[in-house]
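Peer 1: Just passing along the structure, written as structure tokens.
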Amino acid sequence: NPPAIFKSYCEIIVTYFPFDEQNCSMKLGTWTYDGTVVAIYPEGPRPDLSNYMQSGEWTLKDYRGFWHSVNYSCCLDTPYLDITYHFILLRLPLYFIVNVIIPC
């Protein structure tokens, strides 16, 4: 089992449905501890997908992780770290055709 399962909301833009692709992001960081106390770094430019479960409706077209260090106006000498992952999801139209169009 993975150490954690994250569920996230992604706004879907349906302009080209069912031949669309979506860009979903997930930002991981901490507001409790700053970058002088905790260090977070991605293991590489792409997330580990060893526990990824494929879907009949979507496929991963691209995915990357980016490390950020931000100094906010409240505390300019204190960095706050995060890793933001971007996932480009490509809809598989066969799922829509088989489950919606054909039954009609």
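The backbone N, Cα and C atoms fix where each Cβ goes, glycine too.
Found this in Swiss-Prot, in case it helps:
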type     : residues    : note
DISULFID : CYS10-CYS24 : disulfide bond
DISULFID : CYS74-CYS75 : disulfide bond
CARBOHYD : ASN23       : N-linked glycosylation site
TOPO_DOM : 1-104       : topological domain 'Extracellular'
Peer 1: Can you tell me how many other Cβ atoms are located within 10 Å of the Cβ belonging to CYS10 (disulfide bond)?
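Peer 2: I get 12 for this one.
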Peer 1: Just to be sure I understand the packing, how many Cβ atoms besides its own are within 10 Å of the Cβ of CYS24 (disulfide bond)?
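Peer 2: I get 16 for this one.
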Peer 1: Most Cβ neighbours within 10 Å: which of the disulfide-bonded residues CYS74, CYS75 is it?
Peer 2: CYS75
Peer 1: Nearest by CA distance to the residue listed as 'N-linked glycosylation site': which of the disulfide-bonded residues is it, out of CYS10, CYS74, CYS75?
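Peer 2: Closest candidate to the residue listed as 'N-linked glycosylation site', judged by Cα separation, is CYS10.
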Peer 1: Helix, strand or coil at CYS75 (disulfide bond), per DSSP?
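Peer 2: For CYS75 (disulfide bond) - judged by DSSP and reduced to three states - the answer is coil.
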Peer 1: Please average pLDDT over the topological domain 'Extracellular' (1-104) for the predicted structure.
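Peer 2: Reported value for the topological domain 'Extracellular' (1-104) is a mean pLDDT of 89.
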Peer 1: Which whole-number value in Å describes the distance between the Cα atoms of CYS75 (disulfide bond) and CYS10 (disulfide bond)?
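Peer 2: If we compare the Cα positions of CYS75 (disulfide bond) and CYS10 (disulfide bond), the gap is 31 Å.
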Peer 1: Tell me the Cα distance separating CYS74 (disulfide bond) from CYS24 (disulfide bond), rounded to the nearest angstrom.
Peer 2: 29
Peer 1: According to DSSP, folded down to helix, strand and coil, what is CYS24 (disulfide bond)?
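Peer 2: Once the DSSP labels are grouped into three classes, CYS24 (disulfide bond) ends up as strand.
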Peer 1: Please list the DSSP helix, strand and coil residue counts for the topological domain 'Extracellular' (1-104).
Peer 2: 9 helix, 36 strand, 59 coil
